[in-house]
Amino acid sequence: MESYLNENFEVKPKHSSEEVLERWRKLCGVVKNPKRRFRFTANLSKRYEAAAMRRTNQEKLRIAVLVSKAAIQFIQGVSPSDYVVPGEVKAAGFQICADELGSIVEGHEIKKLKFHGGVDGIVEKLLTSTTNGLTTDSKSLNRRQEIFGINTFAESEPKSFWVFVWEALQDMTLMILGACAFVSLIVGLAMEGWPHGAHDGLGIVASILLVVFVTATSDYRQSLQFRDLDNEKKKITIQVTRNGYRQKMSIYDLLTGDIVHLSIGDQVPTDGLFVSGFSVSIDESSLTGESEPVMVSAENPFMLSGTKIRDGSCKMLVTTTGMRTQWGKLMETLTEGGDDETPLQVKLNGVATIIGKIGLFFAVVTFAVLMQGLLSRKWQAGTYLWWSGDDALAMLEYFAVAVTIVVVAVPEGLPLAVTLSLAFAMKKMMNDKALVRHLAACETMGSATNICSDKTGTLTTNRMTVVKSCICTNVEITEPNKASTLCSEIPDSVVKLLLQSIFSNTGGEVVVNKQGKLEILGTPTETALLEFGLSLGGDFLAERQAAKLIKVEPFNSTKKRMGVALQLPEGGLRAHTKGASEIVLAACDKFLNTKGEVVPLDEASINHLNVTINQFASEALRTLCLAFMELDNGFSGADPIPTSGYTCIGIVGIKDPVRPGVKESVAICRSAGITVRMVTGDNINTAKAIARECGILTEDGIAIEGPDFREKSQEELLQLIPKIQVMGRSSPLDKHTLVKHLRTTFEEVVAVTGDGTNDAPALHEADIGLAMGIAGTEVAKESADVIILDDNFSTIVTVAKWGRSVYINIQKFVQFQLTVNVVALVVNFSSACLMGSAPLTAVQLLWVNMIMDTLGALALATEPPNDELMKRPPVGRKGNFISNVMWRNILGQSLYQFLVIWNLQAKGKAMFGLNGPDADLILNTLIFNSFVFCQIFNEISSRDMDEIDVFKGILDNYVFVAVLSCTAIFQVIIIEFLGTYANTSPLTFSQWLFSIIIGFLGMPISAGLKMIPV
C-alpha cells in the first residue's frame, strides 16, 4: 500500500505542480461526498482564472509603464485636461476624485500628474501634508472614507451552519439510504400500517439526520477556527504620520491622503505616489511578472499596491485603496483558489480510495450473496414467481446493508481528520505565539531533522545596548550609563564627528511622541547606536537639520554596511559609513589618534584594532566600525558612495543577551534528534561565543565563515556540511546553499528562520520557512510557512512539538479507523455469506460509522502534545506513514474482535440460553453492543501506539473524555430505549457486563501486541 501511495498520492509540502495536484484527484474513484472530501483542497479552476487575470494585469501594467516612459521622453508641455471635479467630492472639500487618482497611478499617467500640479498638487487637493500627514478628527476621516473608500479587500461571505448541513447531505450513500428509507416507509405503511410499518424507515432517517448534524457541527467549528487564523494572518502594521506624529497602524486603516513610511522588505499597502526617499527600488513581479527591479523617484513616483521594496526607504502618499487597486482585484481571485492540500491529506485520500474500492467490492458481493439466499429459499418453497411485500422489504434491507457497508468501508473521514487535527493544532499554536500560514507546515515540522537559525533576535533578546567602544584607538567604556564621561576623555572635534556619524548615517529616527517624550524608531542595532549618541549629549534633530543628506545607501545583508553623503553647513561634502567591523576597517587607510588627528593606518594600528574587534566579539558583542571621508566638491547624488579611502572613527561593541530558555530548548532539540545550526551575518567570534552559550557549538562541531564556505568544492562540502554548527559572516546565498545541500544531498527535512528580505530565497527553499513576527519584514513573512510571533527560538521548538503531535495523532486515528473498517467489513461479509444475514443493520452501521469517523477524529486527532514526543527520533523524509507498528496493532486487534463476534454468532444462543422468537434479535443486539464497546476501549488503546500505559494524561484531554462518555451514554439509549428504530432489544445486566468485559479485554490484548517487536 505504501509504495502505491508514494507513487500516486505523493505531493510536496509546498510548490507542487498543477499536474501532480490534478493527477491524484483523478485517481480518487470512490468518493461518497466530493463537496466535503475536497473542501480543504485547492480549487484549481479558480487558480487558472487568477493566473489568466494576472497575465492580463501584467500586460496592462507593462503597456502603462512603456507609455509613461515614452511620455517622460516626449512631453513638451501639458495640454489642458477636460477633468471636472465631481460635485460630491467638491462638497467634501477635495479637488480630485478616487477614479482620477486611480487612473494616474495605475496608468502611470505623467501627463495627468503634471496637470494636477505633480505630487505636491495632489497633496494639496487631498487636504493633507507631507510632513504632518492627515489630521485625525473623526468627522474629516469619515468624510474621506466615504469619498475615497477604505483599504480592505472583498472577501467571500463566510458559510453559515446550514450550508455545512446541506454539504453533509450531498453524501451519495446517505442519499441512497434516504431513498431506501422512503421506500421502506411506503411498503411498511402499506403492509403493517402506522406506527409499526414506519419503524424501519424512520430509524434510518433519524440515523441519517444524526450523522448529518454531527458532521456539519464538526465541519462548522473547523471553519470558524480557520476564519480566526485568517484574520490573524491579516494583522499587518505600517508606520504612518498623522497629526505630525509617527505611529504604527494597521494597513486596513489607511486612507487616501495618508503619509506612509516604507523601508526595505515592506510590501506597498496601497497604490500611492513617492514623496521623498533614497535609493528606492521596487519588485513589481507580483503584478507585472517582470523580475527586474524598478527604480522609484520624483521622476517616476508611481507605487503599486502588492509590490515590494527591494532596497531603500521612502515616504509615500496614499492615493488609491482597497478594491480600487489592481492588487485588490487580483487578491479576490487568488483567495478563491485556496491553499495547496497537505501531503498527509493527499496520502489519506489515497488510503480512502483503496479501502473504498475494496469496500465497494465487498458490498456488491454481500448484496449478491444475500439475494442468492432469498432466491434459493423462494425456489425451494416454489414461490419464486410470487413476490410479497415481505420479500420487497427483505430485498430493500439487503440493499440498505450493502450501501451501509460502503458507508462504513469508505473512510471519508481520513483526509478530513488531517484538517481537523491541523485546525486544532494551528489554533493552539496561535496561543503559543506561532502563526501557521500554510497548513502543510504544521505536519512537515513534525518530521524536521535540522533547524538553521538566525542569531539576532531568535537566540538573543534583540534588546541591544552599546556596552564597549574604542574611539581614537585606546579609550573604552564598559558601562552604558558612563557614556557621558567619554566626552571628557576624547577631543571635542571627535565627539562632534562621532555624533554626526551616528545621527546622519542611520536608518532609525528619534521622534517626539504624543506624550512629548523622545522615542527611538528603527532596528535594535540602530536603536542601540542612537541611544549611545543621545547619552553622549547629542541632539538628533539639530544634527539632521545642520547637514543636508545628498545620498543614502541603506544597509543590506550582501554589502554588510550602509553609507550616506552629506553637504556640511560650513561647505564641503563628507561621506559616512558603518557596518561589519572587518569589512569597514578594510576600507580604511587612516584613523583618528588620541589627539583627534587624522593619521595613516599602519600595521601596528590595524593589529590593535583587529585585536579589539576579536576581544569584543569573544565577549559575545556585536561589533560595528564607524568611518568617514571628505568628498570632492564634484560629487553628486547620482554618483556611488566610495567604498575605500575612509578614516576610522572607532569601533563599538553592542550587547545582545541570549534569550532565557534557549539553552534548554537546544538541548530538547538534540534529544529529539534535531540538529540546530546557527547561520548569522555577525562576526565569527561573536557567533561562536553565543553558540557556546546556547549549547549549539560542541567539541566536535565546526564554525566556518561564509566566504570560506563559498570557496569549498563539492567534495569538501560533502565532508563539511554534516559537521557545520555555526556559520558567521554568511550571506543570504550561503544560507540558501546550505539549506539546498541539506535537503537534496543529505535528504534532511530542514526548517529555516529568517527576518530580512534577502532571507526570502532560503525560506522558500526550506521545507519549513520560519519568519520572525517582530523583526521580520513583510517580504520574509510572505515567503514563510510559519511566523514566530515573539521571535523566540523556544517557540520554534514548540512548533516542532506540535508538528510531531499532529503527525502522531493522525496515525492514531488512522489505526483506530482502519481497525473498525476491517472488522465491520469482514463481520458483515462473512455473516452474509455463511449465515445468509448481516448481524449489523443499516442504522447500527451508521452509528458505528459516526463513532469511528467524526467522533473518533474529534477524540484522537485533537490530543495535545506531551514532552515524551521530543524524546523520539524524527520521522524524516523517508518514514512510512502507515508504519509496521500500526499494521501490527490493526491486524492484532481486528483478529481479536472478529474472533469474539464470530464466536458470539456461532455459539451466542447456547452461551446465554436464548430461545423463542426474539433470540436472533437479542443475539444481534449483543453482537452490536460488544462490537461498539470493543471500539470504545480500542479508542483508549489507540491513544499511544507503543506505550502500554494509555491512561497517562487522559483527563487532560477533555474532548477525548467527553466523546467517550457521550458514545457510551448514547449506546445505552440506543439499546434500551430506541429498539424499535435501531433493531435492538433491551439487554439484561449480565449481558451488559459481558459486552463491556469483551470490549475491555481488547486493552490487555493491545498491551500484549505492543510488546511484539516489529
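Along the chain as shown, residues are numbered 1 onward.
Yeah, the Cβs are placed from backbone N, Cα and C, and that goes for glycine too.
What TrEMBL records for 115-189 is domain 'Cation-transporting P-type ATPase N-terminal'. Here TrEMBL flags 172-191, 197-217, 354-375, 395-425, 818-838, 921-938, 958-980, 992-1012 as transmembrane segment.
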The transmembrane segment (818-838) in contact with the transmembrane segment (354-375), cutoff 8 A, at least 3 CB pairs, sep 6+: yes
Whether the transmembrane segment (395-425) meets the transmembrane segment (992-1012): three or more C-beta pairs under 8 angstroms: no
Reported mean pLDDT - the domain 'Cation-transporting P-type ATPase N-terminal' (115-189): 84
Counts of helix, strand and coil residues, the domain 'Cation-transporting P-type ATPase N-terminal' (115-189), according to DSSP: 46 helix, 1 strand, 28 coil
